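Per TrEMBL, domain 'Phosphoribulokinase/uridine kinase' is recorded for 9-198. As annotated by TrEMBL, ATP binding site applies to Gly14, Ala15, Ser16, Ala17, Ser18, Gly19, Lys20, Ser21.
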Amino acid sequence: MSEQRSCVIIGIAGASASGKSLIAQTIYNELMAELDAAEIGVISEDCYYRDQGHLTMEERIKTNYDHPRALDHELLAEQLRALSRGEAVDIPQYSYVAHTRTSETIHFLPKKVIILEGILLLTDPLLRELMDASIFMDTPLDICLIRRLQRDVEERGRSMDSVLQQYRDTVRPMFLQFIEPSKQHADIIVPRGGRNRIATDMIKSRIRHLLLD
Ligand SMILES: Nc1ncnc2c1ncn2[C@@H]1O[C@H](COP(=O)(O)OP(=O)(O)O)[C@@H](O)[C@H]1O
Ligand SMILES: O=c1ccn([C@@H]2O[C@H](COP(=O)(O)O)[C@@H](O)[C@H]2O)c(=O)[nH]1
């Protein structure tokens, strides 16, 4: 039997650079205008990459970041349950440059609406159980690769060669093995990426409806 929930949790999954953060941020910004700003928040699955402080940089670079074992989904599920019970949590912070957690955490207060976004969220039954609605961003992989290449070089301190090698070695194979099949668990499949206006409005309507339940 599932626990009683005091907040609405929406899960957004899909390939890396498929537009998960963009749509999550858009929904957040637009609903913030209706709800109190303190009543809605976004949590990224990336915060739950495992700490790799005990590994050398050479070893960290070899980690497969697109396999479910790279993420501490147990901690994520535990923190979501705590938030649902009305308790605050300390969310770990992750550095894509150092490939490990930072020493900081973010103190996150309970909200009425939590938008959760991340590549592997729908692969995990523990997490699916906690979601009130699930979304899969179905952006073509070639578009995702172009966007990831640009973003990782500009924002995540990466070289073009390292992004392309990682894409061939792990990102694409893990997408095909884990992420793409997890689409079957989504309630809504969003084509074309983070600027799909009709999909964004539908998700907002669903959230409003869930808030009235
Ligand atoms: N529909 C779109 N058109 C143009 N650029 C986009 C679109 N969706 C996302 N982007 C850009 O692509 C990059 C990856 O998007 P992001 O939302 O961060 O993906 P994800 O969170 O799925 O990894 C970002 O730089 C973002 O601004
Ligand atoms: O140290 C790291 C941690 C993660 N990654 C890559 O990040 C993406 C997931 O983040 P998105 O924001 O959804 O793109 C995943 O594909 C990992 O490969 C990394 O490169 N290094």
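For all residues, glycine too, the Cβ spot is worked out from N, Cα and C.
The Cβ of Gly19 has fewer other Cβ atoms within 10 Å than any other of the binding-site residues Gly14, Gly19.
Ligand 2 lies within reach of none of the binding-site residues Gly14, Ala15, Ser18, Gly19, judged by a C-beta closer than 6 angstroms to any of its atoms. By neighbour count, meaning other C-beta atoms within 10 Å, the densest spot among the binding-site residues Ser16, Ser21 is Ser16. Note: Ala17 (ATP binding site) has non-local neighbours Thr139, Cys144, Leu145, Arg147, Arg148, Arg151, i.e. same-chain residues 6+ apart with C-beta under 8 A of its own C-beta.
Mean pLDDT of the predicted structure over the domain 'Phosphoribulokinase/uridine kinase' (9-198): 97.
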